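As recorded in TrEMBL:
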type     : residues : note
REGION   : 1-113    : region 'Disordered'
COMPBIAS : 9-25     : compositional bias 'Polar residues'
COMPBIAS : 70-79    : compositional bias 'Acidic residues'
TRANSMEM : 168-191  : transmembrane segment
TRANSMEM : 197-214  : transmembrane segment
TRANSMEM : 235-255  : transmembrane segment
TRANSMEM : 275-300  : transmembrane segment
TRANSMEM : 351-372  : transmembrane segment
TRANSMEM : 465-489  : transmembrane segment
TRANSMEM : 495-521  : transmembrane segment
TRANSMEM : 533-552  : transmembrane segment
TRANSMEM : 612-631  : transmembrane segment
Amino acid sequence: MPFPGDTLPSLTVHSPSTIHNNQTLPLHHDPQFPHAQELDELSPAGQRHKRSPSASTEKADTQHLLAADSSDESEEDTENSMGTKSRRPRSKEPKSSASTTGGENGHANGSMNHNVEYRRKNASLESPAITANLMARESFTLDDHVPRTPTMNNHGFFQLPMQDRRNFGLLVLLYFLQGVPMGLATGSVPFLLKPHMSYGALGVFSLASYPYSLKLLWSPVVDAVWSPKVGRRKSWIMPIQMMSGFGMIWLGSRVKQMMVTAGENDGAGIWGFTGWWFFLVFMCATQDIAVDGWALTLLTPGNISYASTAQTVGLTAGQFMSYTVFLAFNSPDFANKWFRKTPLEEGVMTLGGYLTFWGWAYIIVTLGLAFLKKEEKTKNEDGIWDVYKVMWGVLKLKNIQTIIIIHLIAKIGFQANDGVTNLKLIDKGFSQEDLALTVLIDFPFEIGLGYYAGKWSTTYTPMRLWCWGFVGRLIAAVLAQITVIIFPSNGVDTWYLLVVIAEHIFSTFTNTVMFVAISAFHARIADPVIGGTYMTLLATVSNLGGTFPRYFVLKLVDAFTVATCIPPASDYKLPSTLRGPLVTESFSCAASKAKDMCIQGGGVCDISRDGYYVMNIVCVIIGVVTFWGYIKPAAIKLQALPLRAWRIAEGSV
């Protein structure tokens, strides 16, 4: 049950004064008012006037209007849980039909199949844009009852209508497909590159994830251009998935050699390799725009919070598949231990084979979507420039500017933990197999707790839940640093592995709580009138807050690290397993490649100052100061705002 302060989707209030200003519309005759003749002879100013030849028609109109005004009086000005006034729009037809009323805002008459139209504040029904939006729907009709203001449901998954459950499954599948290449680009590939590159070079590769943070630039194109025959969202999802599928197949056939080239000359070739992954992530980001917009209409308004749950489950599962499962089966040690009698130098899965498999999976799912799922067809309403103007209008909203600032600074406190901790564990000797086992154990907790986090976001106010996750994530960053500090000198044993698993579960849990909560908040405040553009704007700035600091944090980890390679003593007996040229003089071994050269040449890399510790402490301090100084008060204030505070007034763009 929603608590006071929740921001719930609802129809915007119709001002009584505006209703009466629009009572001159022609209406049907309604014979149930015996005193209509006397009322009909009154002018709008209350004076009697001479009846014209068309007085009988005007009489009927006035009778019907007063009947509607009277019959709906008891339904006006009910308070919803977030404090905004809402009511059922006045009906001017017999109960078997429903028509629209002119005023500050319009409303849609649709079937109970999630065709409630949310209106912008001050949007008049006489507006061509509003009228076109309503009448463009394939299911548009004047024969259904006017739906009441939707309220948020607190249902379990199996209590949802069957259509909502099926659409929920479709959303999970589409988000899962996005998670597959994202899990590779942000997880597995950096781990495969780490032994041959510095943190700075990996910072360059992190730029491959930037399309998710820049998709706002082209989201209006996705929102405004589509084929009416195919469907507004399928027009983008299907070709994008086909291109992604063929791109993954092509990349899979060449990725092994491309990784070798990327690692040459101390990572000088990383830019070209990053470019190809940038393209693949760009495809996923464009698909995400369409899926986010589709999610707002696939689920009924009362169950819209399940859109964030579908996103969490789908993306998490896809990233788990490409991060945990792939890393485990890509590890030669893991494969030789569990699946082979004769040891080999490669794992069960290779990066090339994995990309090829999922490339074909993309193509198959796209064909199934084309033939098995029908999207409600609409007509093109706005041009691209119109959507950009609407987006600019959204950006001018004071509350949107506040949440943008929150998103841009909120994730700074976690950057060192999110981007460096696991890599630092690998540096210290934590095996890829142990890391894969850690994330494997963490996965069911993440999925299960992600589901409950979605339910919590319908019980508690999302931004308050997000604040709780924020504090937990700061604590997780401190615990992660302690975990790295106590790394056993004699190697990983059972107790330390359990410590790492526990720390990882807590860290990912707090991350999931924040993600689900903010996604639920975005879904509640977004205006479906402008489709995916509103959701994309919010998601873009949220992603940007997590990506733009990482490049600099990784660079600064290298900059703050001070390490010297100490050559072996003159009487040191060189091992027979020496794999590189003998180290004869000291040099800096802060970079991973220099550290490998030092160890392979018989030297010892002595780290006098670890840049990871410095940057993690700096990030946590920034997080603490910004959270209690600005983020928490602003977030709680935004949560308490009514829905109309997030809408664009007509004529303001």
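Along the chain as shown, the residues are counted starting at 1.
Yeah, the Cβs are placed from backbone N, Cα and C, and that goes for glycine too.
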For the transmembrane segment (275-300), sequence-distant contacts whose Cβ falls under 8 Å of one of its Cβ atoms, 6 or more beyond its ends: 113-114, 150, 161, 164, 167-168, 170-171, 174-175, 177-178, 181-182, 184-185, 189, 205, 207-212, 214-215, 218-219, 222-223, 232-233, 236-237, 240-241, 243-244, 247-248, 251, 258, 306-307, 310-311, 375-376, 523, 526, 528, 531-533, 535-536, 539
Highest-contact recorded stretch vs the transmembrane segment (465-489), from 168-191, 235-255, 351-372, 612-631, CB pairs under 8 Å: 612-631
Might you confirm whether the transmembrane segment (612-631) is in contact with the transmembrane segment (351-372), defined here as three or more C-beta pairs under 8 A between residues 6 or more apart in sequence? no
